[in-house]
Amino acid sequence: MINLRKTHPLMKIINHSFIDLPAPSNISAWWNFGSLLGICLVIQILTGLFLAMHYTSDTLTAFSSVAHICRDVNYGWLIRNLHANGTSMFFMCLFLHVGRGIYYGSYLYKETWNIGVILLLTVMATAFVGYVLPWGQMSFWGATVITNLLSAIPYIGTTLAEWIWGGFAVDKATLTRFFAFHFILPFIIMALVIVHLLFLHETGSNNPSGINPDSDKIPFHPYYTIKDALGLMFLLLILLSLAFFSPDSLGDPDNFSPANPLNTPPHIKPEWYFLFAYAILRSIPNKLGGVLALLASILILLIIPFLHTANQRSMMFRPISQTLFWILTANLITLTWIGGQPVEQPFIIIGQLASILYFTLILILLPLAGLFENYMLEPQR
């Protein structure tokens, strides 16, 4: 009998992508996060679908519809907690996935990397519009502050902001369209994920050593399906622990109050996964300058492949670059902390120094370290 998975047109695609896929024999647990992101996306789409069945995107009823989901819908509290905390898990996996790509030189697969950066931006946009939907205080003021940044664009800024709002301020029209965006974007993300995998399977996976692994490949199944299953169990353990025992620990207490345009919260701040970019935005006193720095903090990922100066692909055998990478990691954690602090000294100066260091590390120090390591590895006369 002919093996169906190798002959059936649909099964053949799945077989070449997840079963008989030749994978490097030495990829570590850092390569688990791609599959975990796929699982996170599926969890978010499924829980989101059930939430959308009971949610109403109207300024008068949005907040109470979320309360209704938690109180009256069967397991509504669980669906909502999984969806809210699933976002945090999604971003945790995203940051680790991007960090892995930078550390091991995966960005040299330029098409895969660029689609990945577009995916990151799309996920950030989806999370932002989703945060507005419960229509709590922080939802409303977060939407107001972030959409207001568009007005910093010269000449067309104010018109653009009002066009996004559908009026002269964040109101019913804004909430309705944000719900529409939040519903459609995950499906666009799914399409982009397929393109991301398509480009990845053109070249094959990178590996920790950064050298060509063609001479030593093993089938994806059962070796890496088992390994991914272990990662999935850890992910679900953390997500379910959060959802059951501490569902509100990552949220903002202000969001338990319904949106009130007449009362501004003392500290307007986004969810934790945006705080590093928010800190960079706030570190520049000029509005337009802040917006440009905010965009640059993410879009800088697109030029990382062109800043690679080292003869070796991975940082595995490059101690100076390794040190700078971990300084960059610590710097991003510092920025995340600063983004959640009030705008006063010493937080202002720490944020400004951390923002300067962020761009200096990526644009200047890491490329220089690559060149220096090349020089050190050359045979000395």
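Just so you know, glycine gets a Cβ as well, placed from its N, Cα and C.
Residues or ranges marked as heme b b562 binding site by Swiss-Prot on the basis of similarity to another entry: His83, His182. The Cβ of His83 (heme b b562 binding site) lies under 8 Å from the Cβ of Gln44, Thr47, Gly48, Leu51, each on the same chain and at least six residues away in sequence.
Feature annotation from Swiss-Prot assigns heme b b566 binding site to His97, His196. His196 (heme b b566 binding site) carries a helical DSSP state (H, G or I).
Classification of His201 (ubiquinone binding site) by DSSP places it within a helix. Cβ contacts within 10 Å of His201 (ubiquinone binding site), excluding its own Cβ and spanning all protein chains shown: 14. As annotated by Swiss-Prot, ubiquinone binding site applies to His201, with the evidence given as similarity to another entry.
If you look at the transmembrane segment (33-53), the same-chain residues 6 or more away from its ends with a CB under 8 A from one of its CBs are 69, 79-80, 82-83, 86-87, 89-90, 93-94, 96-97, 100, 182-183, 186-187, 189-190, 193, 228, 231-232, 235, 239. Per Swiss-Prot, the feature transmembrane segment maps to 33-53 (among others); the stated evidence is similarity to another entry.
Annotated transmembrane segment per Swiss-Prot: 77-98 (among others), in sequence order. The list of residues near the transmembrane segment (77-98) in space but at least 6 beyond its ends in sequence, with Cβ under 8 angstroms from a Cβ of it, reads 30, 33-34, 36-37, 40-41, 43-44, 47-48, 50-51, 66, 69-71, 116, 120, 123, 127, 130, 235, 238-239, 242-244, 247, 250-251, 271-273, 301.
What Swiss-Prot records for 113-133 (among others) is transmembrane segment, and it gives similarity to another entry as the kind of evidence.
The feature transmembrane segment is assigned by Swiss-Prot to 178-198 (among others), with similarity to another entry given as support.
Beyond its flanks by at least six residues, the transmembrane segment (226-246) meets 29, 32-33, 35-36, 39-40, 43, 78, 81-82, 85-86, 88-89, 93 of its own chain at Cβ-Cβ distances under 8 Å. The transmembrane segment annotation in Swiss-Prot covers 226-246 (among others) and is backed by similarity to another entry.
Residues or ranges marked as transmembrane segment by Swiss-Prot: 288-308 (among others). If one looks beyond the transmembrane segment (288-308) by at least 6 residues along the same chain, the residues whose Cβ comes under 8 Å of a Cβ in the stretch are 98, 102, 105, 107-108, 110, 113-114, 117, 120-121, 124, 149, 152-154, 276-278, 280-282, 355, 358-359, 362-363, 366-367, 370.
Under the heading transmembrane segment, Swiss-Prot lists 320-340 (among others).
Annotated transmembrane segment per Swiss-Prot: 347-367 (among others), in sequence order, evidence recorded as similarity to another entry.
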Query: Under an 8 Å Cβ to Cβ limit, what residues of the same chain, 6 or more beyond the ends of the transmembrane segment (320-340), are close to it?
result: 99, 102-103, 269-270, 272, 274-280, 282, 310, 347, 350-351, 354-355, 357-358, 361-362, 365-366, 369-370, 372-373
Query: Which of the three DSSP-derived classes (helix, strand, coil) applies to His83 (heme b b562 binding site)?
result: helix
Field: Distant-in-sequence Cβ neighbours of His182 (heme b b562 binding site), under 8 Å, six or more positions away
entry: Gly48, Thr126, Val129, Gly130, Leu133
Statement: Whole-number Å distance separating the Cα atoms of His97 (heme b b566 binding site) and His201 (ubiquinone binding site) is 17
